[in-house]
Amino acid sequence: VPTGTFYTTSHITITGFTNAHVTMPDKTIDIVIPTCIRTITPDANGYLPPGTCGALYKYYPSFVAAVVAAVAFGILTGVHVWKAFLQYRKGWCWILVMACAWEFLGFVFRTASTKAQDVTGLYLMTQIFILLAPLWINAFAYIVLGRLIHAYRPATHSLLGIPAYVFSALFVTLDVVAFVVQFVGGVTAGPMAPPDEQLRAIHIYMGGIGLQQFFIVVFLGLAVRFHIERSRAAGIFLPALDSWRALLGALYFALAMITLRIVYRFVEMSSGSTVNSLTTSETYLYALEALPMALALLAFAVVHPGKALSAAAGVEDDMPGLFGMV
């Protein structure tokens with residue numbers, strides 16, 4: 001007996017009716033329904049061979065790798081909670097804490113999923129948290145540059161005539177747009193969805209990461225503009241000014257890691273539902289998804305915004321507006 005997803009046709013008859021104005025005869029419509037027939041028993045961890053009914057993974061996911069990733073992101077979450085709320089007391093850094101927490105939860109769900117590989121709910125939760133967590137890091141980078149502009153351009157608190165808080169709000173809003181598009185694509189691209197729906201969802205998600213990368217490129221152009229102008233104004237490399245350069249370096253690095261991850265996801269999904277090496281090997285997930293995001297979060301832990309945006313650095317972190325309160 002073959003296994004997999006098949007299509008059956010259901011014939012539904014709508015009873016006709018007659019009234020004073022019109023007579024409608026009986027109408028039969030055909031609805032094609034995907035039907036999954038499982039004849040293979042999953043192993044102790046719920047594994048099913050790729051292509052068979054109910055198979056969620058195209059490889060055998062590693063429990064140990066998922067645990068290591070979850071522990072790493074758990075540690076990073078703890079570090080950023082300490083730095084944001086205890087060491088530097090920068091409440092607005094909760095956004096970076098959220099990035100860590102979402103990565104942590106994503107790999108916690110993945111750890112559970114490796115032991116229940118045929119449970120769709122665990123698989124979807126894994127996908128949602130891991131696919132969307134980088135957008136929190138992206139939003140944080142946007143806010144950091146806005147605060148740098150406000151703190152280190154005291155005469156105008158602006159760049160190209162745009163107030164720093166408006167600058168941050170604008171790019172975070174664009175990030176939210178990318179977030180929503182990716183969320184729609186991510187939640188509808190479930191492995192049990194019909195192939196045409198999966199392909200449509202993949203295209204939506206790819207559009208979302210394409211938007212995200214476009215916004216990053218525009219943002220980087222503005223960041224470089226600020227960097228050049230600030231370097232000219234600073235002149236000699238004074239110790240009190242070193243922190244902003246280091247923070248910009250961390251910001252560039254984090255966005256480079258996000259870009260690497262976007263390229264990976266774009267190539268992975270560009271073939272649609274067709275199998276390729278990126279989808280059949282778990283190594284790429286950890287090398288091009290988990291590791292870059294961990295390094296981006298580590299960069300902001302080593303060069304925390306709380307140091308560059310403090311009285312010790314000779315500036316005040318008092319940006320007004322919405323982002324002065326979050």
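Even glycines carry a Cβ here, placed using N, Cα and C.
Values in this document were obtained by computation on a predicted structure and should not be read as measured data.
Copied over from TrEMBL:
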- 59-79: transmembrane segment (TRANSMEM)
- 91-109: transmembrane segment (TRANSMEM)
- 121-145: transmembrane segment (TRANSMEM)
- 157-184: transmembrane segment (TRANSMEM)
- 204-224: transmembrane segment (TRANSMEM)
- 244-264: transmembrane segment (TRANSMEM)
- 284-303: transmembrane segment (TRANSMEM)
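If you look at the transmembrane segment (121-145) against the transmembrane segment (204-224), you find at least three C-beta pairs under 8 angstroms, all six or more positions apart, and that counts as contact.
Sequence-distant contacts of the transmembrane segment (59-79) (same chain, six or more residues past either end, CB-CB distance under 8 Å): 45, 47, 50, 97, 100-101, 103-104, 106-108, 110-111, 113-115, 117, 280-282, 286, 290, 294, 297-298, 301. Across 157-184, 204-224, 244-264, 284-303, the stretch most heavily in contact with the transmembrane segment (91-109), judged by Cβ pairs under 8 Å, is 284-303. Within the chain carrying the transmembrane segment (244-264), a Cβ under 8 angstroms from the stretch's Cβ atoms is held by residues 134, 137-138, 141, 144-145, 148, 151-152, 209, 212-213, 216, 219-220, 223, 227, 230-231, 237, 278, 284, 288-289, 292-293, 295-297, 299-300, 302-303, 305, 307-309, 313, all 6 or more beyond its ends. Residues 131, 135, 138, 141-142, 145, 159-160, 167, 171, 174-175, 177-186, 188-189, 248, 251-252, 255, 258-259, 262, 265-266, 269-270 of the same chain lie 6+ residues outside the transmembrane segment (204-224) yet bring a C-beta within less than 8 angstroms of a C-beta in it.
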